[in-house]
Amino acid sequence: MLQPSQPIYTVAGIRTIETAAMPSAKPPLMERAGRASAEEAVRLMIDRPGALLIACGPGNNGGDGFVMARHFLQAGRKVVVAFSGDTAKLPGDAKKSWEAWRDAGGETLSDLPSAPPEGWALVVDALFGIGLQRPINGRYADWIRALNALPCPRMSIDVPSGLCADTGRVLGVAFKATHTVTFIALKPGLLTLDGPDHCGELVVKRLDLDANSYLPAPGWEVRPALFGDQFAPRRLNSHKGLFGDAVIIGGAPGMCGAPLLSGRAALRAGAGRVFVGLLDPRAPVVDLIQPELMLRPAEDALSEGQAIAIGPGLGRDEAASALLHRAVASKHTLVLDADALNLLATDDTLAGALTRRHAPVVLTPHPAEAARLLKALPDEIQANRLDAALKLAQRFDAHVILKGNGSLIAHPDGRWLINRSGNPGMSAAGMGDVLTGLLAALLAQRWPIEAAILGAVHLHGAAADLLLAKGIGPIGMGASELPDAVRMLMNQWVAQHQHY
Ligand SMILES: NC(=O)C1=CN([C@@H]2O[C@H](COP(=O)(O)OP(=O)(O)OC[C@H]3O[C@@H](n4cnc5c(N)ncnc54)[C@H](OP(=O)(O)O)[C@@H]3O)[C@@H](O)[C@H]2O)[C@@H](O)CC1
Ligand SMILES: Nc1ncnc2c1ncn2[C@@H]1O[C@H](COP(=O)(O)OP(=O)(O)O)[C@@H](O)[C@H]1O
Ligand SMILES: [K+]
């Protein structure tokens with residue numbers, strides 16, 4: 001069975017669910033959260049006897065920490081709690097949790113104790129969760145830095161403190177967890193930008209709530225379950241025409257490598273035929289390493305295929321612009337990447353034509369390209385990647401893949417997803433060209449547009465993860481190594497499909 005995709009809620013959504021569920025929740029949600037955290041901690045400490053340290057903050061995240069501490073105390077385990085605030089100012093549920101901890105015989109220290117000689121079995125961050133409002137400084141920042149320096153497993157409750165749960169931005173300083181237990185559902189900030197670096201292994205505890213019954217999920221994680229039905233085994237009586245023609249256009253003088261990479265990826269991802277249209281008049285007429293590719297003058301390639309991917313190495317001169325206008329005027333499904341996006345950013349006529357098209361459009365910007373399209377700075381895009389992806393989808397009436405750690409997919413109707421596959425081995429030139437080629441290949445094979453987008457993005461990262469697992473990366477992973485790994489994964493998935 002393919003693992004189902006999990007829903008993702010922003011903080012506002014989680015608050016709505018909590019407010020709706022809280023009045024009738026027995027046991028109360030904080031009891032459930034503290035207990036769920038304790039259960040997870042037991043798993044982490046299976047081979048680690050000794051004391052655990054729980055650092056509690058001034059809000060309900062701290063309350064979860066007190067509940068967790070009480071469970072360990074009652075189980076006879078040594079647990080030390082540090083809390084530097086004023087217990088009288090704790091919010092209601094958290095105050096009750098502290099009282100229950102105190103009444104059970106628990107002791108609360110007002111500063112971080114030094115570690116026992118054998119070290120902590122586990123350090124738990126219950127400082128801030130979804131209520132973080134501003135950058136952390138002062139004593140809490142000192143605590144976080146001190147906890148991050150401890151040589152032991154570190155667990156965060158709900159959200160690593162200092163990480164913005166909606167955006168994945170670090171506000172001041174953030175706890176670097178080896179494990180994070182998050183409640184009710186995933187949040188976008190755990191999955192994109194700096195989130196994955198701070199969460200470590202991420203576990204969702206639903207607290208026995210069916211989040212979707214309170215509020216339909218706005219976002220989902222990208223999982224093979226969402227496109228796995230496209231991996232039907234090929235029938236024996238097949239021919240190349242069944243698997244479509246992928247068309248990739250780009251390759252201005254000096255930049256032919258980019259579309260060739262896309263083309264090679266398209267071949268390995270199963271396109272029946274691959275056309276690569278090159279702008280450079282002195283471009284090679286054959287790719288001697290991949291002679292299956294059909295190299296054409298860019299103009300000629302425009303008339304081929306079901307979908308056109310345009311942009312890798314396209315350049316930004318007049319010829320490139322004219323070609324892009326023709327592609328946009330065509331009836332093909334379009335993928336715009338790289339310089340096609342840069343041209344679009346400065347051409348309002350093109351933007352207008354794009355929004356009037358009937359066939360779907362996919363934009364695949366990295367943050368700097370997204371910034372040009374939205375007339376913003378890359379830092380502003382990264383400060384709220386989800387918001388930027390949604391704005392782009394709306395502005396251009398297009399499907400958007402905002403690339404980078406935790407690639408975001410935004411559909412024109414406002415639905416969004418976050419991809420979790422991939423690794424820093426992909427931070428190398430040409431990786432985006434490979435993604436464009438994968439998309440072109442899946443569209444050529446007539447995957448529905450959304451399945452093609454999710455499939456390409458997920459496979460792209462999963463192929464890099466496969467290489468990483470084999471020791472081919474993160475250092476030195478090459479974009480041209482990805483297509484073979486994509487091929488292996490796709491064939492594995494087809495084979496699995498045959499068992500169902
Ligand atoms: N509600 C529920 O049903 C459930 C909630 N649950 C748990 O509660 C968590 C949310 O709790 P929460 O809303 O109390 O927020 P939380 O993250 O503890 O922080 C708020 C406190 O921090 C303070 N503060 C903020 N930023 C700061 C900064 N930079 N530097 C210093 N202080 C700062 C802020 O103070 P203020 O801004 O008001 O000055 C306030 O005192 C959630 O993540 C989950 O773990 C679970 O039990 C499940 C049921
Ligand atoms: N650290 C990372 N984690 C996950 N994916 C990454 C990481 N770094 C890069 N990638 C992926 O690699 C690709 C890089 O694309 P891009 O920046 O367009 O490269 P290029 O322009 O060199 O082809 C994107 O799909 C991006 O999501
Ligand atoms: K926390």
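Just so it is clear, glycine is given a Cβ too, placed from its N, Cα and C backbone atoms.
Here's what TrEMBL has on this protein:
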{"type": "DOMAIN", "residues": "9-215", "note": "domain 'YjeF N-terminal'"}
{"type": "BINDING", "residues": "60-64, 129-135, Tyr140, Asp158, Ala258, Gly313, His366, Asp433", "note": "(6S)-NADPHX binding site"}
{"type": "BINDING", "residues": "Asn61, Asp125, Ser161", "note": "K(+) binding site"}
{"type": "DOMAIN", "residues": "223-493", "note": "domain 'YjeF C-terminal'"}
{"type": "BINDING", "residues": "Lys403, Gly404, Asn405, Gly406, Ser407, Gly432", "note": "AMP binding site"}
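Locations of recorded TrEMBL features on the structure.
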residue : record                   : contacts (Cβ under 8 Å, 6+ apart)
Asn60   : (6S)-NADPHX binding site : Met30, Pro91, Asp93, Ala94, Gly129, Gly131
Asn61   : K(+) binding site        : Ala126, Leu127, Phe128, Gly129, Ile130, Gly131, Ile157, Asp158, Val159, Ser161
Asp125  : K(+) binding site        : Ala55, Ile144, Leu147, Arg154, Met155, Ser156, Ile157, Pro160, Ser161, Phe175, Ala177
Gln133  : (6S)-NADPHX binding site : none
Gly313  : (6S)-NADPHX binding site : Gly250, Gly251, Ala252, Met255, Cys256, Gly257, Ala258, Pro259, Ala338, Asp339, Asp433
Gly404  : AMP binding site         : Thr192, Leu193, His366, Pro367, Gln382, Arg385
Gly406  : AMP binding site         : Gly168, Leu191, Thr192, Leu193, Gly195, Pro196, Arg385, Ile418, Asn419, Arg420
Ser407  : AMP binding site         : Thr192, Ile401, Ile418, Asn419, Gly422, Val457, Gly461
Gly432  : AMP binding site         : Pro312, Asp337, Ala338, Thr364, His366, Lys403
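Long-range Cβ contacts of Asn405 (AMP binding site) within its own chain (separation 6+, distance under 8 Å): Thr192, Leu193, Pro196, Asp197, Gly422, Pro424. Of all the binding-site residues listed here (Tyr140, Ser161, Lys403), the one with the fewest other CB atoms within 10 A of its own CB is Tyr140. Neighbour list (Gly63 ((6S)-NADPHX binding site), Cβ cut-off 8 Å, at least 6 residues apart, same chain): Met30, Gly34, Cys56, Leu90, Pro91, Asp93, Ala94, Lys95, Lys96, Ser97, Trp98.
The full span of the recorded AMP binding residues, Lys403, Gly404, Asn405, Gly406, Ser407, Gly432, taken as their largest Cα to Cα distance, is 14 Å.
Mapped onto three states, the DSSP output places Ser407 (AMP binding site) in coil. Within 10 Å of the C-beta of Ile130 ((6S)-NADPHX binding site) there are 24 other C-beta atoms, taking all protein chains into account.
Only Asn61 of the binding-site residues listed as Asn60, Asn61, Lys403 bring a Cβ under 6 Å of any atom of ligand 3; the order follows the sequence. Listed binding-site residues: Asn61, Lys403, Ser407, Gly432. Those with a CB atom under 6 Å from ligand 2: Lys403, Ser407, Gly432. Other residues of the same chain near the K(+) site, with their Cβ within 8 Å of the Cβ centroid of Asn61, Asp125, Ser161, are Ala55, Gly57, Gly62, Gly65, Ala126, Leu127, Phe128, Gly129, Ser156, Ile157, Asp158, Val159, Pro160, Gly162, Phe175. Checking the binding-site residues Asn61, Ile130, Gly313, Asn405, Gly406, Ser407 against ligand 1 with a 6 Å cutoff on the Cβ atom leaves Asn61, Ile130, in sequence order.
Model confidence over the domain 'YjeF N-terminal' (9-215) is summarised by a mean pLDDT of 97.
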